[in-house]
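Visitor: One structure, as structure tokens, below. Some questions next.
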Amino acid sequence: MSDASISGSEPELDPEDMEEEEEDDEDDDEEEEEEEDEEDNDGDDEDDKQDINEKSQNAALGEDSPEQGEEGWKRSTTSGQSGQESDEAKKKRLQKPANLRRNIRKLLREDQLESVTKTAQQEELERRKRLEQQRKDYPLPLTLPPVSLDFLQEEIELRAADVSQLVKSQEIICLDSSSGESDDEGKVKSHSIKDEIIELSSGEEDNLQISDNADSTNEVDGDITTENSGSHVNDALNQADHLGRVLVNINHPPNEKDIFLAPQLARAVKSHQIGGIRFLYDNLVESLERFSGSSGFGCILAHSMGLGKTLQVISFLDVLFQHTSAKTVLAIVPVNTLQNWLAEFNMWLPPPESLPKDHNQELVQPRAFKVHTMNDEHKTTAARAKVVNDWATDGGVLLMGYEMYRLLSLKKSFTAGRKKKSKKAAGPVIIDLDEEDRQQEMLKGIEKALSRPGPDVVICDEGHRIKNCHASTSQALKNIRSRRRVVLTGYPLQNNLIEYWCMVDFVRPDFLGTRQEFSNMFERPILNGQCVDSTPQDKRLMRYRSHVLHSLLEGFVQRRGHTVLKAQLPFKEEHVILVRLSKIQRDLYTEFMNRFRDAGNSGWLGLNPLKAFCVCCKIWNHPDVLYEALQKENLANEQDLDVEDLGTNNRCNAQSGKIKVEPNSLGALMGETAHTKQLQGIVLNPSHEKANQVVTYEWAKEILSDYIPGQLQNSPKMVLLFHLIEESMRMGDKILVFSQSLSTLSIMEEFLAKRKMPIPAGSDGQEGHTWIRNVNYYRLDGSTSASERERLINQFNDPSNEKVWLFLLSTRAGCLGVNLIGANRVVVFDASWNPCHDAQAVCRVYRYGQRKPCYIYRLVSDFTLEKKIYDRQITKQGMSDRVVDDLNPEVNFTRREVENLLHFVEEEPDASRQHLDSSSFHEAVLQKACLQYPHLITKEPFQHESLLLDRKEQKLTLAEKKAAKRGYEEEKRASVPYTRPSYTQYYPAPDHNLGNIPAFSQRHWRPLMKGDDRPVASVRPLQSTPIPMLPRHVSVNHPGSASASVHPYNFPVNYLQRAGVLVQKVVTTTDIVIPGMTTSTDVQARISAGESIHVIRGTKGTYIRTSDGRIFAIRASGKQKSGEVRRQATSGAQGSSAPYLSNGRHSTSSPSQQDSEDPPRPLSPDSPEILNELQKYADAAAARGSHTAPQLQNLGLHHQGINPAPKLQPRKRKDPQDQSSHWPSNKRNPYSQLSYPNTGGFGVTPSTMNHNLVRSSNPVFMGPGGGSSHFQLPSLLSDPQTGLPLVQDSLLTHSSGTSSAPSVPPHYLLPRGFPLPFSQSLLPQTRMFAPYPSQILNRGLPTNNPASTFPGYLSSHSNYQASPGTSSRPLPSGETELGSCEEDGRDDDVVEVTGE
């Protein structure tokens, strides 16, 4: 029990809650980590951001479509990179709504998994093979079980690797980790029975697989019991022999003797308990030889509550101590069940001194080991050290609570001892250093005995307590060196799959991989398919992964459900009654929700719905609870619920500074000072309240100003509760009432004291006296001592006690280790956040020993947060059924309904319109309630289990189960990891002295390379593009293959628009050639005329998507720095300036300063300028038939309004202040040397481009920055051709730019061989002016006029003659260095277009 928590609790807080919390004040940080981990346990990073094409691609399920799966693996990054996410990605992940689906990422390849994971799975595989081999080599004696020989022979021959049921209805597929497909390989050993085949794979590892013939692949194995899974669950074989003996080590080697249970145990155990004992033996012992020579394995005994797990463990321990070398066993149990465990040991295995000397050994066999107990009676360190030392020396079983073990085993507890004595003293404090040293030595001795080396076997009762791997209790348990660990739990999966992983990771460390690997492979696929709004593929993947996880754990998790009880106990009915709020409750709830709505999601309510739940509980249980809290002026966060999931610092604290230590608490053990300081800070420090967003009950004062307490009708829940109590008593049935709120239990007692008891059935008593505590009813909560608890339970269960009819219990204190079969009716007054608690409360009566039909009533306030929490319970229970029990419960709630817990409905249906059909209820008490109080119930009561019906039609067929496991294996292997590209070859080596490079600039420097070592930059990861695409790999030698068809995609325009992305569909009227990249293997990336393209503008940039699925991304480099020189061509008349350069034509240029305040304005994709421009191309194409040869004089660059064409430059480099100043005077003009880097290229003048298609205002080039733009081509899609439309017609009129001043391009835009950012050779020979390939001119250029507008370097392939000024001489090898200098020393996968 968490003593520090209890010590500072108000009387309303149930100490049992803290008993379950078990964390000291030093663990607050760990609880914060737990809360953060629960918010982000999916293991993803950048992929948490919404993928806009997610639903259309449906996560590229590898097992559904291998082709899509391979593509998905290429698009996904590896799990190993998840830790390297940026802060921006983290912020965006946190902003994502909780109810949105998550992207499911693929796991690392299997060879990249942690070695410990592969080792753990391999060891389990080998263990199951050994057991199977033992069954084959040493079959069961035919005389052992009382079953037919035919049935037995079938089981002996066909039982494979701890099968769950008869082989005729069960298949086993052990996961294959070999590199190839092992389904079609391997030796086949066939058995003719039931047409089943047992295959032994011959891959890298031998794996046992069972397959059916083709006729049975689509059949569902519906004969098996779905709630039973694991080994030894065939109760037909779990029987005693003809002599009444129970054999434990079945199929044992001949050199080992038969091991039987003690005679008194053999007479008591049921068939399912025999299976559990054998299951424990197979996992922990396996064989006597292996027990002494190996470290062993752990397992989980996941039997539902009431199936006798304690008896199974006691029986197994008796065998363990008698027949193995085991000496010590540590049993860690909830502190309130310590006495129950000791009583069970004494009952089933009495100590020798308790038996008479002449007792018959064949009837009762005493235990041969001691049972040591460490409880709250052992206060001092010396007393505890004595118990531990006796246990370590004499051997036996040591029983202790979780909190005690944590305190004694963690080393940090040793140094905290002196801090606890920091209270003020009246005089000088004398410290006995010798005594302190002795204390420390004793603590170290205890820790060594408990953990190093620790016991031979560790048993954790209620093992679902190991649900947070960061909590100190879990860490302390994992420090135990023993690998023989047993977890007992009736409810293995409570809240989420990560908690299940924590429990499995305790018994089998690293078996399921790391937390992130488990999240990616199992948790998120299962969660994504849980709700009604999940896609069909999500649901299919959910069923697949649930089955794979269920099968993975089948060898060491034995699950037995309530179906075992149903065959041996009377029937049980659970009814849910949805209750209406009274007027005062509705007013209070409305006001509270309005405060929440005004505060927004950033308030404390939105951040932690459980805090709101604590306040709301006071409203819907009864307004008197809230009224009393208001009178005491308690803070809103001082709830009185025993809720363990409240996260950080949500426990309620006492208003006063007094510390209340319960008799059964561990308050003396734990430091109270820190908690007291925290308590005082809450009370006395207003700023602390504000910082923690603490809200008082001020909002309720006005509504409750005239409130009259003590009226039962103010809460319809309470009215129905007393109806159920009194009617049950009249029928002669005892009843239990569970509530989380201790204040609510107190209010119930106040109303009981005012009401008269009804006359029980068959009683001659008279009605008249009121209820009296400890006479007519009992109350049990966390403050009840262990001895008092045992006395109350025994008296209540006594059939002869006809005075006590009611038992009030707090949900957390009364749901564990309590047997209350004296009652057969239960009322769950309020829904718990954790469905486990309510289920355990129900099972207090529905267990062995119950002789009457059981009726359960769950009261839930409709149209409130409580209803949403109940809905969440159903989802959690459904997930448990899928994973643990392999059931297929029907999904009833959408994810939005589940996650949006603070759902507020202002108006509820009119009570007068509600009609309840009471005839549909066979239960008399409920039927009478519907007749008498129809106005208090919103809907007809329904059965709780009806929401979790097993959908038989959704069960996986045998073929689907194989496909699920095969897909799981393929997915582990096939993901392709992304490796970050290295750009080291683009930068100077460390040994280069930068001062020795003339006029040093990275753009003037190029690395020395061999002839074939061209700089090749890696492609950006495909995830940078919002829409996934399929890369096309086209050979350089086959340019025509660029037009090859690719896999078509359905373009999700509606999802893009819904996400706020602007999508514009444009039909091109002319060919558009996309500039290429240095790493491109495409020789032609072209958008043909008449093709429909989508221009997509999002927050991250602008994209073009072609009809064949290709994506071209355009990124803006941002605004230019203020210090940069921006040039603008001067305005003037035609030919006013002298020619500067010649590349076959004349142009005018005179650089001048451009107004820095006038950047090019961006245009939207549907702007009039763009649409007009496209229309001009359409008009030109229509008139091309009559005008075949555009004239040269119409194509000068001195037209009015032409803006300077863009300049290509590296993204990460600044513009030079003055290029001419860097050229040595003795060199010739550098622009005459410009060419393609490395080997040559095309010289494309800006006259071949229309400026509106080049400048940043074009939607193709537009980015969010609105400034200069650049291409960012994220895949091997580009073509090394340059420019946009190359076809110029005289019919095209030139649009004026945004600048009003007429201008001409500056001189540096008109060189021969205009440099473009490509460092690879496009042609077999090196040329200054290479001819265009003929494929690019396939649109029919004019051929009859030599005076073409196109430069002469097109002549060799287009029938044009070169202009007189065109030079086509090849450059000497040394003349390319200046021409390529501007393109070196940078990231070649980014091309920036900057307007000068």
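Indices start at 1 and increase along the chain as displayed.
Glycine is treated like the rest: Cβ placed from N, Cα and C.
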Visitor: Suppose you had to name the range Swiss-Prot annotates as motif 'DEAH box'; which of 109-112, 181-184, 461-464, 917-920 would you pick?
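Guide: My reading of Swiss-Prot: the motif 'DEAH box' range is 461-464.
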Visitor: Given the binding-site residues G306, G308, and counting only Cβ atoms in the protein chains shown, which has the most within 10 Å of its Cβ?
Guide: G306
Visitor: Which three-state DSSP class does S304 (ATP binding site) fall into?
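Guide: DSSP assigns S304 (ATP binding site) to coil.
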Visitor: Give me the non-local Cβ neighbours of L307 (ATP binding site): same chain, 6+ apart in sequence, Cβ-Cβ under 8 Å, ordered along the sequence.
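Guide: Long-range Cβ contacts: H272, Q273, G490, R560, V564, L565, Y848.
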Visitor: Quick one: give me the count of other CB atoms within 10 A of the CB of K309 (ATP binding site).
Guide: 23
Visitor: With an 8 Å cut-off on Cβ-Cβ distance and a minimum sequence separation of at least 6, pull the same-chain contacts of H303 (ATP binding site), or say none.
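Guide: Counting only residues 6 or more apart in sequence, the Cβ neighbours of H303 (ATP binding site) under 8 Å are H272, G276, K309, Q312, L488, G490, Q558, R559, R560.
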Visitor: What are the DSSP helix, strand and coil residue counts for the motif 'LXXLL motif 1' (549-553)?
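Guide: Summed over the motif 'LXXLL motif 1' (549-553), the classes give 4 helix, 0 strand, 1 coil.
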Visitor: Per DSSP, what is the helix/strand/coil residue tally across the motif 'DEAH box' (461-464)?
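Guide: Summed by class, the stretch gives 2 helix, 0 strand, 2 coil.
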Visitor: What are the sequence-distant neighbours of M305 (ATP binding site), meaning same chain, six or more residues apart, C-beta distance under 8 angstroms?
Guide: G490, Y491, A839, Q840, C843, R847
